[in-house]
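Here the structure is laid out as structure tokens; the discussion comes afterwards.
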Amino acid sequence: MRLAGSLQLVLLLTLSTEATSLNIPPEVEQLPTFVYHTTGPIIALPFDNTVTIRCEARGNPPPQYRWTKDDLDFIPPHPATIRSDQLATDGTFVLQNKSLARFQGKYRCYASNKLGTAMTETIELIVPSMPKFPKENIEPIVVDEGEPFVLLCNPPEGVPPRKIHWMSIGLQHIEQDERVSVGTDGSLYFSHALQKDSRQDYCCFADFLRIRTIVQKPGGTVVVVAGPPVRTPSLLLPSGVQTEKVLLKGAELQLECVPGGNPTPKIEWMKMGDELPARAKLDNFGKLLTIAAIEESDEGKYMCLAKNSAGQAVHYFDVIVEEPPKWLTEPPHSQLTVIGSDVHIKCSVSGKPQPDILWRKNGNIFEDNPLNNKRVLDDTLVLHNATPDDSGVYQCEAANRHGVVLGNINIMVMNMAPLILTEDHHEYAVIRGEDMAMNCSAFGSPPPTISWAKDETPETIEGERFVTLQNGSLQISSAEKKDSGEYVCVADNSEGKSSIMAVLAVKDPTHIAFGPQDMQVISGTTAQLMCQAEYDKSLADSFQVVWIKDGEEMTFPTEEHSRYFVGDGMLQIMNVNLNDEGVYTCLARTRLDGVNRTALLTVLDVPDAPQNVEITELKDQRHILLAWVPGSDHNSSVIEFIVEYEESQWEPGKWKELHKVPGNQATAELALHGHLNYQFRVYAVNAVGPGPPSEPTERYKTPPAAPDRNPENIKIEGRLPHQMDISWEPLLPVEHNGPGLEYKVSYRKLAVDDTWTEHLIKRHSFVVRNTSTFIPYEIKIQSRNSHGWGPEPKIATGYSGEDVPTAAPRDVAVEVMNTTVLRVSWTPVPPATLRGHLKGYHVSFHQRSFLNPDKILDERHTLSFPGKRTHAIVPNLDAFSEYTLTVNVFNKKGNGPNTSAISNYFSVPEQVPILTTSNAQKESIRLVWAPPLVANGILTGYLLQYHLSMFNETTKEARDSWEMNITGPDTTHWQLEGLEEGSLYLFHLSACTRAGCGPPLAQESTGQPRSISTKGWFIGTMCAVALLTLIVLTVCFMRRNQGGKYAVKEKEDLHPDEESQAMNDDTFCEYSDSDEKPLRGSSCSLNGDDAVGDGVSRDSLVDYADGGGEFSEDGSFIGEYSGHKRGGSVTEPNGFAGIEPGTSAL
């Protein structure tokens, strides 16, 4: 070992403690005890400058040191070789290299004070000389061929380890095998000689590795002469029949048998009566048996057997395992005892052979003295009735031929009052619920008894939570707040008593109210970890929150733009990156306790770029397999991999997406276009986003080929009547698959021509001229390049150019649905006259109002009705108006001719609101009514119909009917004469305009005998009816004078008129008002055509709509033909099958 560049010890230096220390405080006098010292042997190497031998002990008073060399007092020869200051203080001295040889010997260190002396084991210093071979003349060896022979090396002794080499003068190693090998003694053994063994330069080299020295023996000569070819086996090593091998337990056993003979004998090993240990191994071509770390079970007789075809030879080895002295358990303990007691020191050692024990006191041999009651009984020393004079350091030294063990045992015989070593009035603090101990270390002889009391109470503390430990400390389990206070420790023995006071404060524990939570954050965002802690306020000066990441405490930079913010119980990490991922622990601590909470911060980021992207061809050069190694997904599973390509011909440097595969797949089969120079790259996508792409692959060039597909999205249009325009979506440049791309356009008339007209062009459009108008054609387009044609194309169908229709719809008819809706019907035009695709029909009309008959409205309105149809609904018309309508068909090219004009108008008035009878006489009755609220024109009068009814038990049947026109439009009452006395009559009254009469209102009445009219109650009733009639008529005339029409629109909006309700319910026979019910068996009308009347209300106009609004040819919106009308086309509803409106056909 080299110390401070100047010392190297050849054998291991260890520091050892020689005596088991007593717990004696430094203040009390005590015997010397070794702290450490050098153990031998020490081998001084030639290149070491110095050798240091160390010895240090403690004691009170401090010990003094002296050394012996070879059992004689040792004093260094002159001051230059020793550091006297060190020798006086710690016993260490230093020897210089230049004079080491004369310091070779066995040393002991003695440490003494007035109480006694301790001594070390022997420390041997070995100063080896430089190894060298002795000078000698080596005679040549002459040997017969086939005879065994040995070349002796006899290497010099030196610092182990040593390695032997046999070489020639030219430093070429002598070849070794089963016949030729080097023994453990360094000699070169030949099982039998061969002619090739003759040479003059057999040299032995001894290599001392530790001192880096090689020495050489002069070369020897071997001459082999002819001899008999076969020799019986013999053993060149070892000699004789049997060898005894004695080894220390734990050493390595080596048994060697080197045979001679021709042919070369084989060696076999065995253990007599047992099997070879499993640890046994064979070296040197089976000639060396080695067993590492030998044990007592490896003792026994071993045999080696050498045999060849000529015979055999054996040798036996008696293996004996011994061991040096060692302590059975541990060295004897030092003892502190009182005066008058007996002291027993037992020195329990083992060894083979059994060690001899020598006892010493203070370094001097201790002899058995029965007279003084001091006895040595084999391995035990007994001191009867010990006195202070018996105090000292006793040495037990056990030795056999393999070594020595020595123990220093300190024996202190004394009486002493207790001495408490712990500080008085020491303050302790503990966290509530935790265990703690208050110290009370005391020394005395005999050992003192320790007791504890609390708060000046003389009683000793008791309770299962309070325990006085063997060392005098008071242990409190699960401390409570009430445990706070002052405690007294008392130490007592036969020599006296001593006490101290201790103060205990129990604190509230620290706990984390809100700790960090496991979280996942996306890279580049902010992570926030909370750590809100509560603690005892008296510990505020020591409270702190510490953050630990992956087991290491975090330190935070102080610069202004740091990514970390720590404060207010929070750790905030801005701009999180992957390095921030890990386990974060929040540690809230005071000087007494600490609690922690841990959370896992997982950083999500885009995936890393795939690695090792490789191309493998599949069935041909245009079908490849792309494989890659996925990169890290950074805690977010890969959703998909996207393969991109770049080609250098058409768009170099531009990367385009080619293929996608699921995230659990790391390969992609790719079909490539021809005649391109590709390179590929791959990137991964996860929930965070797309990652960076991989490194591009090497360029991959595909061979040219015919096109893989034909153009798509073929459009066939006719911009002019006599031509057909054909266009298509061309192939992308990368789809050309080779040079010279062209398109073959083929066309023929559908179901007419069998032959195709073909044109080969390079552009992606073609015009066929001089065609018939709107004729169907079959068209196909095929791509080709200089390497061939594309696949067989699909056939598309289209038409040549369109022209405007040549015919108008026929059989146009108009039906009045109600006062604001018309239904127009027609017969479609013949298909041949369309000359294009049917787009729909236009219904055009203009209006003339009857309210202003002299005013002609020239504004024309048009509604468009798309698609194939035979009728249309025209809604939102004005009542009391005449409409002139025309219909025409239109296609993409334009409008066809109009039909002839058709006229229709609306003028039927609404029902009268009230009809009553009064002043009934024998043959007459008076009818009173109010004019209709909506006249839909100018009233021309009223139509009165009445019927004589016949009574029976179950029905009323009309017998005779009469009808009369009341021409006065302002008439609101009528006196009817010539009635049968006492008969029941049913009256129907309708208001009329130029267009006809509106729906009737029914009322029934019975003629009364004349005498009834004179009765008072009848007269009163009639007066009341007359007064009510007068009030109603007054209101009606006032409303009429205000606007000419009655404001019943709101009522109609909320309650569709009775005709519409009747139409919708397919019933035409239930007319009623709020005052009277219709007569049983009465009919709705005397004229079936008038029963429908105003059958479709304004509220339902939207139900008749047939389409959306369109623009007319002059650009105006054709649906808005009136300021308050709803614009747009209308669609005819279903459900008119049951309606029989009046029809006006032209």
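Each residue, glycine too, has its Cβ placed from N, Cα and C.
Here TrEMBL flags 26-124 (among others) as domain 'Ig-like'.
Secondary structure by DSSP for the domain 'Ig-like' (128-206): 3 helix, 28 strand, 48 coil. Here TrEMBL flags 128-206 (among others) as domain 'Ig-like'.
DSSP places the residues of the domain 'Ig-like' (233-315) in helix, strand and coil in these numbers: 3 helix, 49 strand, 31 coil. The annotation domain 'Ig-like' is assigned in TrEMBL to 233-315 (among others).
Taking the domain 'Ig-like' (325-412) as a whole, pLDDT averages 91 in the prediction. If you look up TrEMBL, you'll see 325-412 (among others) marked as domain 'Ig-like'.
The domain 'Ig-like' feature in TrEMBL is assigned to 418-505 (among others).
Per TrEMBL, the feature domain 'Ig-like' maps to 509-602 (among others).
The feature domain 'Fibronectin type-III' is assigned by TrEMBL to 609-705 (among others).
The domain 'Fibronectin type-III' annotation in TrEMBL covers 710-803 (among others).
Sequence annotations record features per position, and here TrEMBL assigns domain 'Fibronectin type-III' to 808-906 (among others).
Marked as domain 'Fibronectin type-III' by TrEMBL: 908-1011 (among others).
Under the heading region 'Disordered', TrEMBL lists 691-713 (among others).
The feature region 'Disordered' is assigned by TrEMBL to 1122-1146 (among others).
If you look up TrEMBL, you'll see 1-21 marked as signal peptide.
For 1017-1037, the entry in TrEMBL reads transmembrane segment.
In this chain, the domain 'Ig-like' (325-412) lies in contact with the domain 'Ig-like' (26-124); the count of Cβ pairs under 8 Å, excluding pairs fewer than 6 apart in sequence, is at least 3. In the region 'Disordered' (691-713), helix, strand and coil residues by DSSP number 0 helix, 4 strand, 19 coil. Among the recorded stretches 128-206, 325-412, 418-505, 509-602, the one sharing the largest number of Cβ pairs closer than 8 Å with the domain 'Fibronectin type-III' (609-705) is 509-602.
Across the domain 'Fibronectin type-III' (808-906), the DSSP tally of helix, strand and coil residues reads 3 helix, 54 strand, 42 coil.
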